[in-house]
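Report on one structure; see the data block that follows.
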Amino acid sequence: MPDLPLYNARADADLALFSNPAFRPTGVQKLGLALVGLGLAAFVVALASPFGAAHPVPFALAAFGGLGLGGVVYGLGGLAAPAGVRNEGTMVSSNEARGAVGWAIGLALTALYVVLYFWPAGLAGLLPLADPLSRLMRDQPATLGNGGQWFLYTTLYTLAVAVMGVRALVRYRHSRYHVIRTLSVMFFQTVLAFALPFFLVTLQQPELYVHYTWPLDYDLFFPWRVAELRAEGQLGVAMLVWGVVMIAVATPVLTYFFGKRWYCSWVCGCGGLAETAGDPYRHLSDKSLGAWKLERWLVHGVLATITAATLLLWVAAVAEVGWLDAVAETVSWLYGLLIGSIFAGVVGVGFYPLLGSRVWCRFGCPMAAILGLQQRFFSRFRITTNGGQCISCGQCSAYCEMGIDVKWYAQRGQNVVRASCVGCGVCATVCPRGVLRLENGPDVGGASRAGRPVNNLIEDLDILA
Ligand code: SF4
Ligand code: SF4
């Protein structure tokens, strides 16, 4: 069986540049798509005319309601189809295999991020739509002066996780693991990344995101931020202490027991978006050896850079050396621009339909780098493989969002112990032979590390008996 099309999805111009020949939306799904279209139209009209500002409430209802309700209705329409990942045109779909629709969505998302980060005034026409909710949630209007564009962005981000989360729940409804994991990321995004921070603002408290810590929240331990949090009183100091506990204690302990999945696939907002809104694009990850090499250099390079920048800032602040301060300031500014804005935002999400849903997690996230090192060298988490059952169909590799060639391990009966694996579990779910199992119990066979064959001989003998 030639596996190239499955591994490297690309739109066949003759087949599906503009469509997916296997896509047959049900009546419910058509209704959902129509409502989504209404929501998008409301955003476009508000952006291009004064009507949105003149009638913020009806426009907000049409825009957010259309996107939210339409997305949920569309997702629920999936109940008419069998659960699970199906190869019904995925690899020749215009949207899901880098055809015209995929490129259009990618360009639109990228443009949105560029405007958000570098020309927020370009979003002024949309802020009135966020205004009613902003007044309700954080007791202030949504204006450029008070971060209204970020409130609008967080609202849309949370809506995307919630709506596409419904789609993921429907798609993976046959798997308890996926249902709980999807509910988990929906909860963390809605409560800890949206409701709680803005509720704190209404109480005149700092806007805190308690599930993020350094180095993902890259300036948390910068001297100026530490001073700012200390000045904000008990809650600010508690946040600093919590940040230290999270990175120094909770992270290694939880990763030892569960692998990096406890964070990357259950808690993190970036992972949450990837697992929900990014799910249709998970197969677009690059599976080549070159990509694996690049991944290791980049992700550890980013971690080294932010560590060096943080240390330099402190040395400069304590020693009061002017030139060192200038160097550290420049490095941290460049980090914020190149990594925090361009990589994490513009490329990380904007390129979903082109490079897959985990580009940032795989190539750039310094938190993932720390978790990955812990997972690779002292975690109990591994994916065990029953090589005798593998039929080399390649489904597991095709749908691995981190570009891991799972089939290679399965064919050899070796455990998958890779730093990049986020434990999403989709490889195990799509496997038609039940070859793969995510495990974090004690390794009684003594073969949980990479490179050594898993102790599945007994199972093979059972099958042969
Ligand atoms: S190896 Fe499996 S569990 Fe790990 S990231 Fe890939 S698909 Fe997810
Ligand atoms: S492990 Fe399962 S999905 Fe992967 S190649 Fe083997 S049979 Fe196919």
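A Cβ is built for glycine as well, from the same backbone N, Cα and C atoms used for every other residue.
Copied from TrEMBL, the annotated features are:
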- 381-409: domain '4Fe-4S ferredoxin-type' (DOMAIN)
- 412-441: domain '4Fe-4S ferredoxin-type' (DOMAIN)
- 31-53: transmembrane segment (TRANSMEM)
- 59-81: transmembrane segment (TRANSMEM)
- 101-130: transmembrane segment (TRANSMEM)
- 150-170: transmembrane segment (TRANSMEM)
- 182-203: transmembrane segment (TRANSMEM)
- 235-258: transmembrane segment (TRANSMEM)
- 297-319: transmembrane segment (TRANSMEM)
- 331-355: transmembrane segment (TRANSMEM)
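Remote same-chain partners of the transmembrane segment (31-53), defined as residues 6 or more beyond its termini with a Cβ less than 8 Å from a stretch Cβ, comprise 25, 59, 62-77, 123, 125-126, 128-129. Looking at which of 59-81, 101-130, 150-170, 182-203, 297-319 has the most CB pairs under 8 Å to the transmembrane segment (331-355), the answer is the stretch 101-130. Here the domain '4Fe-4S ferredoxin-type' (412-441) is broken down by DSSP into helix, strand and coil counts: 6 helix, 6 strand, 18 coil.
Against the transmembrane segment (150-170), the recorded stretches 59-81, 182-203, 235-258, 297-319 differ in Cβ pairs under 8 Å, and the greatest number is found for 59-81.
In the predicted model, the domain '4Fe-4S ferredoxin-type' (381-409) shows an average pLDDT of 95.
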